[in-house]
Amino acid sequence: MRTLVIASGNAGKIREFQGLLQHLPLNVQAQPQGFDVEETGSTFAANARIKATAVAAMAGSWALADDSGLSVNALGGAPGVHSARYAPTDPERIEKLLGALSNASERHAQFCAALCVAAPDGSVLIEVEGRCDGWITTTPRGDGGFGYDPIFEVSCTGLTFAQMPLTEKKSHGHRGKAFALLEPQLQDLLSAEPR
């Protein structure tokens, strides 16, 4: 069975990917603790590629990397590729973002997820992107999810990601949409392998 290393130290992302990948014939593993890849790209896709190729080379197996983030219209697209580094912790990131929007009437935002699967030789096997439109709430709502999930209300649902069960988040969310594009390509790669 092919090993696929999730190129992330984020426990929430790892759990989400393990759930999304559970029905595929893959041995899904987290990247080794303490291995960190500097995200120097200017786009989500570039950062996903940087992480996937570095982790695949280090682990000697395929690696799946995600770079995702939140872009808020009223903030000129910020926090964008700096979403994870906008402040030190999830609660501080939420507080900082809500503070930046305290007087804003325009609260539209978009989550983007770029996924990349790379091989140990550095080749990129798959690259896809998924997006989800919504807006930033004035206060956190819900106990699920991670990151900005409690303050991102998904368009046409009335719910934040933190209020959604994983199945609903998968169908509406940026990562789920990206995964829907990635999954058939990953299945094709797996079925093309010699047995």
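Heads up, residue numbers simply count up from 1 along the chain you see.
Note: Cβ is positioned from N, Cα and C throughout, glycine not excepted.
DSSP assigns Asn10 (substrate binding site) to coil, not to a helix or a strand. Here the Cβ of Asn10 (substrate binding site) has 16 other Cβ atoms within 10 Å, regardless of which shown protein chain they belong to. Swiss-Prot lists Ser8, Gly9, Asn10, Ala11, Gly12, Lys13, Ser68, Phe146, Gly147, Tyr148, Asp149, Lys169, His174, Arg175 with the feature substrate binding site, giving sequence analysis as the kind of evidence.
What Swiss-Prot records for Glu38, Asp67 is Mg(2+) binding site, and it gives sequence analysis as the kind of evidence. Take the CB of Asp67 (Mg(2+) binding site) and look out to 10 A: across all protein chains shown you find 27 other CB atoms.
What Swiss-Prot lists as active site, proton acceptor is Asp67.
Separating the Cα atoms of Asp149 (substrate binding site) and Asp67 (Mg(2+) binding site) is a whole-number distance of 16 Å.
Cβ neighbours of Glu38 (Mg(2+) binding site) (same chain, under 8 Å, six or more residues apart in sequence): Ile50.
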